[in-house]
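Report on the structure given below.
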Amino acid sequence: MNGQYIDDEDEISGYQKIDRYNPELITSLSEHYKEILKQIGENPEREGLLKTPERVAKAMLYLTHGYELDAKKILSSALFKEEYSQMVVVKDIEVYSMCEHHMLPFFGKAHIAYIPNGHVVGLSKIPRVVDIYARRLQVQERLTNEIRDCIQETLQPIGVGVVIECRHLCMCMRGVQKQNSVTTTSAFTGGFLQEKTRAEFLNLISNKLS
Ligand SMILES: Nc1nc2c(ncn2[C@@H]2O[C@H](COP(=O)(O)OP(=O)(O)OP(=O)(O)O)[C@@H](O)[C@H]2O)c(=O)[nH]1
Ligand SMILES: [Zn+2]
């Protein structure tokens with residue numbers, strides 16, 4: 001195993017042991033990346049690039065490890081009966097994902113709120129859910145909806161609010177080349193569909209919106 005398996009529970013999931021870095025997969029991916037290096041005009045045999053295919057293979061497996069993890073399972077592992085009925089907001093959660101169109105990064109912040117309905121969730125599980133869906137090939141809109149749906153279906157709260165704001169490198173370093181544009185997406189359920197509740201949430205996170 002050579003330490004190549006992600007088997008440190010804290011490192012990725014906190015719970016689920018995943019077999020993502022298996023040597024056969026790394027070898028196979030590395031061969032493809034070696035070929036890609038040749039085709040873009042590089043020499044994969046030069047010293048600086050000798051280990052690059054393997055490094056890229058491992059990086060890509062890490063950047064997409066969300067496919068291996070079950071967000072609902074992680075969220076439901078830490079539900080606590082509690083009569084707190086006000087809005088809970090976890091804001092400024094770092095997001096790192098890759099757009100499914102160009103496989104280039106998009107990154108920024110997620111702000112998540114819910115109103116409990118008899119149960120609260122362990123706070124760390126909310127950023128874990130964000131990561132599980134972000135560490136895949138994504139579009140920002142689907143990422144937003146998947147986080148909302150996971151929390152709504154698992155926790156069954158009175159409502160869920162999700163706002164994500166990201167910069168897309170496919171719009172900065174290529175293509176339209178807009179360096180400062182930020183994309184904001186949002187998704188709501190239940191109580192957050194009401195203007196007053198949504199306004200309270202947006203107000204609580206507003207100092208962080210660009
Ligand atoms: N809606 C949405 N679009 C995205 C996201 N990430 C990247 N895109 C867009 O996906 C689109 C793909 O459009 P295409 O015309 O097929 O690709 P392209 O020729 O590379 O487009 P340009 O980026 O405009 O050069 C682009 O407009 C990207 O900006 C995302 O998270 N959500
Ligand atoms: Zn893109």
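Backbone N, Cα and C atoms are what each Cβ position is placed from, and that goes for glycine too.
Note that this is a predicted model, so its numbers are computed, not measured.
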* To do: Figure out which of Cys166, Cys170 sits with Cys99, His102 in the Zn(2+) site per TrEMBL.
  => Cys170
* **Mean predicted confidence [pLDDT] for the domain 'GTP cyclohydrolase I' (30-205)** => 97
* To do: Report, as a single number, how many Cβ atoms besides its own are within 10 Å of the Cβ of Cys170 (Zn(2+) binding site).
  => 16
* Which same-chain residues, if any, lie at least 6 apart from His102 (Zn(2+) binding site) yet have Cβ under 8 Å of it -> Cys170, Arg174, Gly175
* To do: Tell me the Cβ contacts of Cys99 (Zn(2+) binding site) under 8 Å, same chain only and six or more apart in sequence, or just say none.
  => Pro105, Phe106, Leu137, Gln138, Val139, His168, Cys170
